[in-house]
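Below is one structure; the comments refer to it alone.
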C-alpha cells in the first residue's frame with residue numbers, strides 16, 4: 001500500500017518554546033510525542049487507519065522548520081515504521097469503526113494528535129490558522145475516518161449485508177402484512193401499499209385476482225369472464241366457476257337494462273345466462289325485469305343499487321367467497337377480525353349491560369373492553385316502604401314505565417318510573433284482595449293487570465291499570481285455588497290454575513273458554529305460538545298443553561319440586577327455582593338442563609327469579625338468606641350478591657327497557673330498587689372494573 005507523506009507544516013505549541021530557541025528538536029519531546037501518538041493508537045476503538053493516523057500524527061508533530069534540520073535516517077526509519085504499522089493494521093483491523101477515536105480526540109480538543117490523525121494527510125497549522133491541502137483536494141475539516149473509511153467500507157458493508165440478511169416471514173406475519181395492505185388500499189394509500197409489499201416481499205393478492213378485480217370494477221365483462229379461466233386453476237372447487245360466471249352475467253344483464261340496451265340484455269339472457277343451466281328460477285325472475293319501464297323501477301324490483309362502483313363492489317364481495325384467501329382476501333377482512341375481537345371481549349365481560357354497537361368507531365382498539373361493576377345495578381337507589389306487610393311479588397310492565405307490587409296487606413301498588421331519573425313514584429293503589437297478592441301478570445299491551453292470591457284463594461282480579469277500575473273478579477268455585485296466571489300473546493285470553501287441580505282458559509270477562517281437568521298447577525306460561533301453555537305441576541315437571549288439539553307432552557323433569565319458573569323472551573330457555581336445589585336453567589327446545597347456578601338459598605318458599613339486562617344476558621333471584629343474587633347467564637358463580645333486605649327476598653324483577661334498573665320484594669315489607677352507583681367518576685365510566693363480587697348496600 002503506497003503511502004504519500006507530503007511536506008508538512010508543524011503546529012508548534014508556542015513560538016517561544018525551548019525547541020525554537022535551541023533551533024532543533026530534542027529527543028525527549030520526540031519521545032513524549034511518540035508516547036502521545038501511541039496512546040491515541042492504543043484506544044479501545046482504534047485499529048486500521050486509526051493506527052496510521054496516530055503514526056502520521058507523530059510525523060506531523062516532528063519539527064520541520066529551517067532551523068530544525070532533520071536527519072535522513074530518521075525519515076527513513078519513520079517511513080519504515082509507518083509502512084509496518086499499515087500492514088499490521090490492514091491485517092488486524094478491517095471492518096472496524098475507524099472514525100470514532102478521531103472524533104473523540106477532536107471533541108476533547110487534542111489538536112496535536114487528533115488534528116494530525118486525518119488519513120488524507122490534512123494537518124491543521126497552529127502558526128497561521130490555515131490548513132494545508134494535499135493533492136486530493138479534500139477539505140482539511142474532514143474527519144479522520146471520513147476519507148480513510150472509504151476503502152474499507154466496501155468490505156464492511158458486505159459483512160453487514162451478510163449479517164443482516166432479510167428475515168423470512170412466517171405465514172402469520174405474511175397474513176398480517178396482507179391484511180394491513182388491504183386496509184390501507186381501502187383508504188386509498190396505494191403508494192404506501194406498494195412500498196409495504198415491496199419491502200416485505202409479500203403479495204397482496206394473486207396477479208390474476210388483481211386483473212380480475214380491475215376488469216370487474218371497470219365493467220369489462222368479457223375480460224372478467226376470460227379471467228375466470230385463469231382463476232379456475234387456483235380454486236379449491238373449480239365447479240364454482242359456473243356460479244361466479246352467473247353472477248358476472250347477471251350484473252352485465254342488469255347494467256344493459258339500466259342503460260336502455262334491451263337487445264343486448266336479451267342476448268345476455270338467452271345466449272349466455274340460459275346456457276349455463278344454473279338457477280333457472282332466478283333466470284325467470286331476471287327475465288321479468290325486461291318489462292321495467294325505467295331505471296328506478298328496475299332498481300326497486302331487483303333490489304339493486306344500479307350501475308356503478310357500489311354494486312360492483314358488492315358483486316366482488318360475492319365473487320370472492322368462491323376464491324381461496326391466498327388468491328384474494330375476503331372483503332374488509334381486517335375490520336371483520338377487529339369487530340369479532342371487540343364482540344368477543346364484550347361477550348366475556350361479566351358486567352357488560354349495554355346495547356352492542358357493531359361499529360368500530362364506538363370503541364377504542366387500543367384498550368381491552370372492560371365494564372365497571374359500578375355501572376351495574378348493584379346499588380340501592382330507592383327503598384319503597386308503602387306496603388305495611390310482607391311483599392310477595394313485584395313485576396315491571398312490558399314497556400318498563402311501571403312497576404306493580406303485591407303484598408300480604410291485600411293491596412297492589414302501581415309505581416310510575418321516571419324516564420330521566422329512574423326514580424319510582426306511587427301512581428295508584430288497588431285494594432280488596434282479601435287473601436293478599438302472591439302473583440301478578442301484565443297484559444301484553446300493559447292495559448290490564450291480573451292479581452292472584454295464595455293457595456287458599458279462589459278468586460282472581462283483572463284490573464284496568466290506566467283507569468284503576470276492576471274489570472273482572474273471577475271465581476269458578478270456592479274450592480278452587482287460583483294461584484297462577486299467564487296471558488295469551490293476543491292479549492284477549494289468559495290461563496289460570498292452582499294446586500287443587502284447576503286449569504282454565506278464560507276471556508277478559510272471566511268467561512270459561514276451555515278447561516283441563518286433574519292438573520295441579522304450580523306456575524304457568526304461554527308460549528309465543530299462542531297455542532301451547534307450559535305448566536309446572538306437583539310431579540316435579542313442566543308439561544306443554546295444547547288447548548286446540550287437547551294434547552300434552554313432557555318437557556322438563558326435575559328430581560325436586562319446581563316452586564316457580566319463568567321463560568326467556570325468545571321462548572328458548574326456562575329458569576326454574578327448584579326446592580332445596582336453587583336456580584336451574586333449561587333449554588326447552590333441546591329439553592336439557594343447561595346450568596345450575598350456585599350460591600342462592602332455596603328451600604320450600606316460593607321464590608321468583610328472572611332474566612334481565614341487555615339481551616337477557618343476566619339472571620337474578622331472591623334467596624332465603626335475605627340476599628339478591630345475580631349471575632351472568634354463562635357463569636354458574638354469582639357476579640354480585642346484593643345485601644340490604646332483612647328477611648327472605650321473594651321476587652326479583654328486571655326492567656325490560658332500562659337494563660340498569662331492577663326491583664326486589666321481601667318479607668321485610670320493603671321493595672328495593674337497584675341501579676348503578678349514584679356517583680361515577682370518569683375512570684369508572686371508561687371501564688376500570690373491580691374484583692369484588694359482593695356489594696353491601
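Every residue, even glycine, has its Cβ placed from backbone N, Cα and C.
No curator has checked TrEMBL annotations; they are predicted automatically.
Keep in mind it's a predicted model, so treat the numbers as computed, not measured.
Residues 1-50 are the range that TrEMBL records as region 'Disordered', among 1-50, 201-250. Taken residue by residue, the repeat 'WD' (642-674) breaks down under DSSP into 0 helix, 17 strand, 16 coil. Taking H, G and I as helix, E and B as strand and the rest as coil, DSSP gives the repeat 'WD' (384-418) the counts 0 helix, 19 strand, 16 coil.
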